[in-house]
Every structure is written in structure tokens, then in C-alpha cells.
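Novice: Quick one: structure below, then a few questions.
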Amino acid sequence: MKVKVLCRNPDDYVRETKRDLQRVPRNYDPALHPFEVPREYTRALNATKLERVFAKPFIASLDGHRDGVNCIAKHPKSLSTVLSGACDGEVKIWNLTKRECSRTIQAHDGFVRGLCVRFCGTSFFTVGDDKTVKQWSMESPGYGEKVEPIRTILGKTVFTGIDHHMNDAIFATCGQQVDIWDEQRSAPMRSYAWGVDSISSIKFNPIETHILSSCGTDRSIVLYDKRKPTPLKKIILEMRTNTLCWNPMEAFIFTAANENFNLYTYDMRYMDGPVKVHMDHVSAVLDVDYSPTGKEFVSASFDKSIRIFPVQSGHSREVYHTKRMQHVTCVRWSADNKYVLCGSDEMNIRIWKANASEKLGLLSPRERAAQNYNQKLKEKFHHHPQIKRIARHRHLPRSIYSQIKEQQIMREARRKKDVNRRKHSKPGSVPIPSEKKKHVLAVVE
């Protein structure tokens, strides 16, 4: 007698533990699910609404400075350590885990103009208005010992910025000229000067480490190679660039923060015009810093706000502000890509989430799966008008809101004026300048 027996694999329907979810057989044939897209749209809409409900980006404020915060530096080896320099010459080392100051140093007379940490994290360098470069140990002195710098270099002019090489015992300073220093020498290895104006900021390329760039008060951005005796290239803009930052993942890309309220992303190989123009600020942009992924950057502005921009987007995806926060002078993105730190005029350092609605701490597997699913749904439907409107909605201070309206009116007036000038001129005599290239005056090699 022949008997046919049903044979099932228990792995397909039996849970491994009693805490697992029950396995439900599903048929994913689209013909059986005609309302799949409307259901997904509703879920995407609800996920977008909940994202705005839970958007609480502010985490903490670090107070302790007695004057405005002028510069911030990250520790290359420790996520929880941050250094800040103030306008009264005071440098503080902060423990972000405990949210308290672990050490205070009276480093300079006058402003602390620049601050950078050595690549190994054992010491840091400061420059100030007293024409000195000082190297300090990261370790606290023993009981009863005085806080003294490891090394002091006295310069001939005021230093306005400093940055350290990513791998070697070399650092660069700027002021009346750009100087490349060896840590063991009291005189610069190499000096660069192009024109008579002073240099306000200098940055090493983190990938092509022999390349560095500077911003001058003559509205210029200059590229240098520390192996060559002369600068490489100079680009002159309509207005002054306050600072710049190199992309940590793309060796040739950097973003410059300009006085004309915009940020410009350049490719150092093609300096005739920027790759992208980022606009949303309503006052001068004072600082910029990239995320470790190189896909986004954060900017600080004189309009009392900070904004987060995707690299490929011309407009910001996020804006942060508080009632008490004044002009934001410096900003940094943490090395774990989770937080943003900013220092402002009213003597506070604020810690923000990089993603405003992100839940901090450990996530259960189900939470992580739901989060990833909602994120994919939002990306799928982000062009739909209702979802786009909710995702873009932000509350702004009245001052910023009114300035945005005013700038829109001014921009429209300039556009109409150009159209009328072109209409009443000989065809082809009035060119149409692109937004990317109209701010570049000259490129000098």
C-alpha cells in the first residue's frame, strides 16, 4: 500500500526561542496586494509626521567660559574630549560624557585665535593675539605643579590661525604670511606670501596631506603644496571667505564659508567656478565643518543659527536655533557622526543631534528594523507634495524669517532688472551669468 505523507521543514515555521515573533507565511505576488502602494504612502506620511513630532535636537549646553567662544577643536583619539578657546585667552578641555569642564588653562593675553590637537592626541597647540604659538600637554599637571606650556614660539606678527598635519610633526600658522613649522624648531621651515593682505584661516587636506589652503582678507582662497617653495593657485571672489573645510572622504573637494551669506563647494582641480552653491543663511557664514562620512556639512552663521547641508544640495535640510544663542562663531561635527557642537558669543557651547529626531542609546532589533523601513518609505515618497511640505516645515525666529522674505524680494528685483536690461539691449550684448561663476572674479596661477 502506497501512502503519501506531507513533509514540512520545521525551520520554516518554528521559532528558535519563545521570545521570537511567530513566523507567518506570506505571498508577495503584487497581484494579491492591489493596495500596497496606498498603504505604503500612508505609512510614509505617518512616519514623516512622527519625525517632526520627535524632532528635539538640543541635548545640552556647556557653560563656564567668561567670554565669547572663539574656536573649538576635536580630539582625534577621544570622542568625549573637546577643546574650546575664548576671547579672554582661556582654553577649556571638556568631558562630553559628564558634560563638565575637566581643565582650564589661561593660554594667552587677548583672543585665542586658533586651536588644534596633535594627530596622536598627546598635546595641543594654541595661537593668540600675543604673537605666540604654545604647545600644551593634554595631561593635567601633578599636585602642586604649575600649568606651563611644553614649548613657546614667539612670532614677529599676530597669528590668526593654526592647523596640524594629519600624520607628521608639522603644523601651519597664518597671519601676515603662511608658515610651515617643524615641532622641534623655533623658526619656520617654509614661508609663503602672496600679496600684502593677511591670512585669516588655514587648513591641511586630511587625505592629500601635503596640500593646504588658506583664506585671505583680500577675498582670496590660496592653495599650497608644502613640498613646493611657491603657492599653487589663487582664486579671488566678490566677497571675503571666512574659513573653509576639506571633505574627509574626497581629496579634492572643499567648502568655503563666505561673507555673502553663501557656502561654495570647490574642486581644487577646476577652480574656475564652484561645484555647488549652498544658500539659506541670511547673514555672513563664519564657520563650516564636514561630517566624518563626507556626505554632509554644518555651517555657523552671524544670523544666530546653524544649518546642516547635504553636499549635493543647494539648500539646508536642517536649521537649529535657540532664543538665547547669539552669533555662532564656531562649529564642529563629532567624529562618531552623531552630534554637532557650536560655540557662540554668549559664552556657551551647545551640543545638538546631527539627526533631530534620532533616538539616542541602544535600539532593539525591532526598533532598528522599523526605523530602516520608515526611512526607505520616506525616501520613496519624498517628492509627494504633502510629505515634502511636512518634512520641510521649520519654525524660524522672526528676524530670520523677515530677512528671508526681504532677500527674496531683492533677488526678484535683481532678476527683473536683468530681464529688462536684456530686453532693451542688442541681442547677445548682455550675457546671462550663472549663479556658480558670477561670484568668481579671477583665478591666478
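Each Cβ is built from the backbone N, Cα and C atoms, and glycine gets one as well.
Not my notes, these are from Swiss-Prot:
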{"type": "REPEAT", "residues": "64-104", "note": "repeat 'WD 1'"}
{"type": "REPEAT", "residues": "154-191", "note": "repeat 'WD 3'"}
{"type": "REPEAT", "residues": "194-234", "note": "repeat 'WD 4'"}
{"type": "REGION", "residues": "353-441", "note": "region 'Required for nucleolar location'"}
{"type": "REGION", "residues": "413-445", "note": "region 'Disordered'"}
Novice: For the repeat 'WD 3' (154-191), what are the same-chain contacts with Cβ under 8 Å, counting residues 6+ beyond its ends?
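Specialist: Sequence-distant neighbours of the repeat 'WD 3' (154-191): 113-119, 125-129, 131-133, 135, 198-204, 206, 209, 212, 214, 222, 224, 226, 229.
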Novice: Should anything in the same chain at least six residues away from the repeat 'WD 4' (194-234) have a Cβ under 8 Å from its Cβ atoms, list it; otherwise answer none.
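Specialist: Distant contacts of the repeat 'WD 4' (194-234): 160-168, 170, 172-178, 180, 240-246, 248-252, 254, 256, 266, 268, 271, 441, 443-445.
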Novice: Using DSSP, what's the helix, strand and coil tally for the repeat 'WD 3' (154-191)?
Specialist: 0 helix, 17 strand, 21 coil
